[in-house]
Amino acid sequence: MTTPANAQNASKTWELSLYELHRTPQEAIMDGTEIAVSPRSLHSELMCPICLDMLKNTMTTKECLHRFCSDCIVTALRSGNKECPTCRKKLVSKRSLRPDPNFDALISKIYPSREEYEAHQDRVLIRLSRLHNQQALSSSIEEGLRMQAMHRAQRVRRPMPGSDQTTTMSGGEGEPGEGEGDGEDVSSDSAPDSAPGPAPKRPRGGGAGGSSVGTGGGGAGGVGGGAGSEDSGDRGGTLGGGTLGPPSPPGAPSPPEPGGEIELVFRPHPLLVEKGEYCQTRYVKTTGNATVDHLSKYLALRIALERRQQQEAGEPGGPGGGASDAGGPDGGGGEGGGTRGGDGPEEPALPSLEGVSEKQYTIYIAPGGGAFTTLNGSLTLELVNEKFWKVSRPLELCYAPTKDPK
């Protein structure tokens, strides 16, 4: 028994979805009208959702009509996910796909040379990575300056490990008139009452610095002061006002941070050394794409921070404190433990770091030990090393304050 023809036609009726029912038809453009399309929207239309690159050998799903690269969709089906990566509709096998040569022809019309398009993308990526590297360098320099300033401030506030012991042996620096000390005075007072034992270990003989530390501690205080001068001589005399021992050398290099590419020896200009204005040699390690302006701003910030920390430590106001550019936080602060300068005048206002600029200092180089050459601020250190230095030792630069910074 055969089925009536009208029944067959009724079963094959196309049922429209809500989207198709509300969709208005668009007329095809048959003349030479041009429509401007942004590259971003065009790229999203021609992009494969799997590899996020331009479609290559386009394959279209038969049910949901989503487009993918041939290799991408075949690999996705082989991995076990028998569904469309975009809408999760069921895909049995490669038989649910069909090639789309018309879309490939459209892509070849828009981008005639695919190799040129890929080369342009590579150039854009290289330029973006270079810009990000410069931003990372500047942020790394700022972060390093903040961390160094924080650590130096902590070193100023924290007493040295040997200062507590020498202070107690001298009978207490803050209370010179008391007869009850903490160190040898207590042990000598309680010696007759306690059981006999081994004699207390006396410190090594004191020198001329004993009288400057033990101001009110008697003879034992003088001996303790001498020991303090010998033990803390290599620390730059942090217990007293600079008479205990020679200060630490100002040009002592700090260990360079890892990851740098160029090592620098930063010295003041010889004319400044003769005048006694600057005497500190700085050792810096940084990447080759840092510019001379970066170094100038780093130097201005560093010197401003050091002067600020010297004023906070009370070095300029004390009778024995040193006030030089190379002093750092280790110079003495006068009598009384190097904290403040005694009963001196009121301290000046701390220098502000807001006006620091790379124009405050000029960078020079003396290639071959000859005349000094002023370096342009836009030059990178790698270019300076190749153009002026050309030797296999750290790059040596000199700095001096700019006479008329603009």
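Each residue's number is its place along the chain shown, starting with 1.
Using the three backbone atoms N, Cα and C, a Cβ is placed for every residue, glycine included.
Some features that Swiss-Prot has for this protein:
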MOD_RES   Thr24  phosphothreonine
REGION    30-234  region 'Necessary for transcriptional repression'
MOD_RES   Ser38  phosphoserine
ZN_FING   48-88  zinc finger
MOD_RES   Ser140  phosphoserine
REGION    151-263  region 'Disordered'
COMPBIAS  175-187  compositional bias 'Acidic residues'
MOD_RES   Ser187  phosphoserine
MOD_RES   Ser190  phosphoserine
MOTIF     201-204  motif 'Nuclear localization signal'
COMPBIAS  205-228  compositional bias 'Gly residues'
MOD_RES   Thr215  phosphothreonine
MOD_RES   Ser229  phosphoserine
REGION    230-406  region 'Necessary for interaction with CBX2'
MOD_RES   Ser232  phosphoserine
COMPBIAS  235-244  compositional bias 'Gly residues'
COMPBIAS  246-258  compositional bias 'Pro residues'
MOD_RES   Ser248  phosphoserine
MOD_RES   Ser254  phosphoserine
REGION    309-354  region 'Disordered'
COMPBIAS  315-342  compositional bias 'Gly residues'
Do me a favour and check the Cα-Cα span between Ser140 (phosphoserine) and Ser38 (phosphoserine); whole Å is fine.
37
At the Cα level, what's the spacing in Å between Thr24 (phosphothreonine) and Ser38 (phosphoserine), rounded?
24
Return the count of C-beta atoms lying within 10 angstroms of the C-beta of Ser38 (phosphoserine), excluding that atom itself.
8
What mean pLDDT score does the region 'Necessary for transcriptional repression' (30-234) have in the model?
70
So, in DSSP terms, is Ser140 (phosphoserine) helix, strand, or coil?
helix
When neighbour density is defined as the number of other C-beta atoms within 10 angstroms of a residue's C-beta, which of the modified residues Thr24, Ser140 has the lowest density?
Thr24
Please work out the helix, strand and coil residue numbers for the zinc finger (48-88) from the DSSP assignment.
9 helix, 9 strand, 23 coil
